[in-house]
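J.: Attaching a single structure in structure tokens format; questions to follow.
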Amino acid sequence: MTLLNAKTPYLKKETSVSSMMRDTLTALAFLLVLPVARYGARPLAMAAVTLVACVLCEIAWSLLQSRSINTSDCSSMVTGLIIVMLMPLNAPLWLPCAAAAFAILVAKKPFGSTGHTPFNPAAAGMAFITLLWPQRIFSYFNPSAGEVLPVFADCNVETAPSPAAVLKNGLKPDILPFDMLWGVFAGPVGATGILVLCACGLYLFLKRTANWEITAGCLFAGAVMAALWPRIACAPLTSIKYELMSGSLLFCAVFMLTDPVTSPRTGFGRVLYGLLAGVLIMLFRRYGAYEQGAWFAILLANAVVPQINSLVCGDRRWGEELYEE
Amino acid sequence: MILRHGIKLDQQKAASLRHKIQDLPTAENQKKTEWLPLRKGELNSNAIIAAAQAAGIVDEFDGVPLFRKLKKLRRLKPDMIVACCFDEDPCTTSAMATLRENTNAIIAGLVLAGKACGAKENKIAVATKHEAKMIQKINPQADLILAGEMYPARALLKRKLFANRKNAAYIGAQACAALLAAIDDGEPQTSTVVTVAGDGVEHWRNVRARIGTPLKELLEFCGLSEKTSLVVTGSSITGRAVTDLNEPIAATTRCVIALKKAPNYKEYPCIGCQRCARACPRGIVPWKIQQEMQNAKPNLVRLTNVQKCIRCAACTVACPSGIDLTGAVRKAAQLKKSGDFIDIT
């Protein structure tokens, strides 16, 4: 019997980077349940195609750099699924693939993969295709028309303005509150089911995979902006309701802002980052050219993160009682 | 932010707690225990400390001879003395099993230790409420406090008591029992309770073994598998891999873990999840230390609190990226202590 001289610790860890990424993947997969139940297999096809594109891009980059291929940390899949969730269901399947390719090949891999990305790759990919094909990103099909979507082929279906677009035009969206909670309105694949989103967020916070400070900060800032400066003539609470539930604010606050790599590392810094991102998202909605530009806001907020990190001193923790050894 | 420190580990204590402590059969030719002469006269602080010295008792938690510890404590005058009857390590149960089987001996030993160092309060620290109920059933007079199941429980208990303005001293469960045996019967400390665990042994047991017995005998008594490739003494978090099974059991060996396969960690870059800072019971921010230590010339001012590290390795266990944060903090502490401003290797 030969005994090894292995390094500590000798117990199996429960959390690793790949298990955290798998938690996020699980939460994202749950978001697909409602669209699949309602509109058939197209969301699944879209997700599968994008995931394959992500993994292929990752492998291609590894080959280009002549490094060993390692996709075990699942981070590229998370990027891919986030992109799918932000797509309209009637978008051609090459559109999320283009976003994923940009995200992996330009925003993630050249910086040194997971742990080194200064900008959220999914946000970068979305920003890229928003600039190139804005009409395709923001033309959502009408879920109440009852049309069946083809699984793989491009679809020409009746489109409807999303609540975010209606708000942008200064009108009040005409949607029942119940439909709004269950996501029966024109919008991105995964960002409409508000109740499912809340459940997924709760799951991630309880698993400590995502930080609730960021999401809370972002939603608070968004709500305050919506209450103080409503875009439509209505009561502050109504304005908050429509602003938080329309577009992809909630989705971005739960899944994109909480990416630990691109967010600040101290508790106070995270709150600050969330607030900043919330304000930026609302400003993009109000003054931006598109009906919403949450990903642009996230990229801008990411750019500020190093400053927040060095501004907020994290060397000591506050309110600690330390005994002397 | 919810201020919850430490990390929760997957507890695997049930298997070794199912059986009573078993005695490891000793070889025929081994020397019989020489009993000490019984002490006569008044039992004061000096007599207790002298008895602990004569019996050669060692505190199993920190490896300090008990008489030296008691002398130091007598000088420091603690308000409270706490017997640590919980095991931080997820598969060690030696302290818990000792408490379950020798509850009254530990309480009596603790009272003696309290008398020796002049502490007014005596408390027994146990891990869970369930454990506390069990001990209350055996001895309703036992004065218990909960240490919790978060790792590192000992450091967190110290923190908790310090925050409650209690000046507490800590003593091991087996040392308490040995102190009573030394004073009542004149018995020197010759044996220690060791938990044998891991998938490399057939029976997970608590075994009372003579100090100095080779680890081989102990492991074979518990059914050592041929496929074992890693034997760890101490704990699965801060322990040490053993390469020679003839190594003797020491008084501080509370656990021997035999594993068929060494766990393999993939190392990723830091993703900034803050788990290490949350796990640390001493207020260190390990990722920041690690980041600073990666620089060619670390700035000593930025290595905050590193000298407070107690090497519990909670940060390394908590890290999802598998980074050796404890190593970085240790290097930083060495650097800070040495005052070496120019070159570190």
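Just so it is clear, glycine is given a Cβ too, placed from its N, Cα and C backbone atoms.
Residues or ranges marked as transmembrane segment in TrEMBL: A:20-37, A:44-64, A:76-107, A:119-138, A:180-205, A:212-233, A:270-288.
For the listed features, I'd like the structural context: burial, neighbours, distances.
T.: Sequence-remote contacts of a segment are chain residues at least 6 beyond its ends whose Cβ falls under 8 Å from one of its Cβ atoms, and for the transmembrane segment (A:20-37) they are 43-44, 47, 73-75, 77-78, 81-82, 85, 89, 182-183, 189-190, 193, 196-197, 199-201, 203-204, 207, 209-210, 255.
For the transmembrane segment (A:44-64), the residues of the chain that approach it from at least six positions outside its boundaries are 32, 36, 70-71, 76-77, 79-81, 83-84, 87, 89, 91, 93, 96-97, 100-101, 103-105, 109, 151-152, 189, judged by C-beta separation under 8 angstroms.
Nonlocal intrachain contacts for the transmembrane segment (A:76-107), taken as residues 6+ away from its ends with a CB within less than 8 angstroms of a stretch CB, comprise 21, 24-25, 28-29, 31, 35, 39, 42-43, 45-47, 49-51, 53-55, 57-58, 60-61, 117, 119-122, 124-126, 128-129, 132-133, 136-141, 149, 152, 154-155, 157, 159, 187-191, 248, 251, 255-256, 295.
Beyond its flanks by at least six residues, the transmembrane segment (A:119-138) meets 78-79, 82-83, 86-88, 91-92, 95, 98-104, 106-108, 162, 165, 256, 259, 262, 289-291, 293, 295-296, 298-299, 302-303 of its own chain at Cβ-Cβ distances under 8 Å.
For the transmembrane segment (A:180-205), the residues of the chain that approach it from at least six positions outside its boundaries are 23-24, 26-28, 30-35, 38, 43, 46, 84-89, 140-144, 159-164, 173, 211-212, 215, 241, 245-248, 250-252, 254-255, 258, judged by C-beta separation under 8 angstroms.
If you look at the transmembrane segment (A:212-233), the same-chain residues 6 or more away from its ends with a CB under 8 A from one of its CBs are 167-168, 170-172, 201, 205, 239-240, 242-244, 249-250, 252-254, 257-258, 263, 267, 270-279, 281-283, 285-286.
Residues of the same chain lying 6 or more positions beyond the ends of the transmembrane segment (A:270-288) and with a Cβ under 8 Å from any Cβ of it are 164, 167-168, 211, 213-222, 225-226, 229, 231, 243, 247, 249, 252-253, 257, 263-264, 294, 296-298, 300-301, 304-305, 308, 312.
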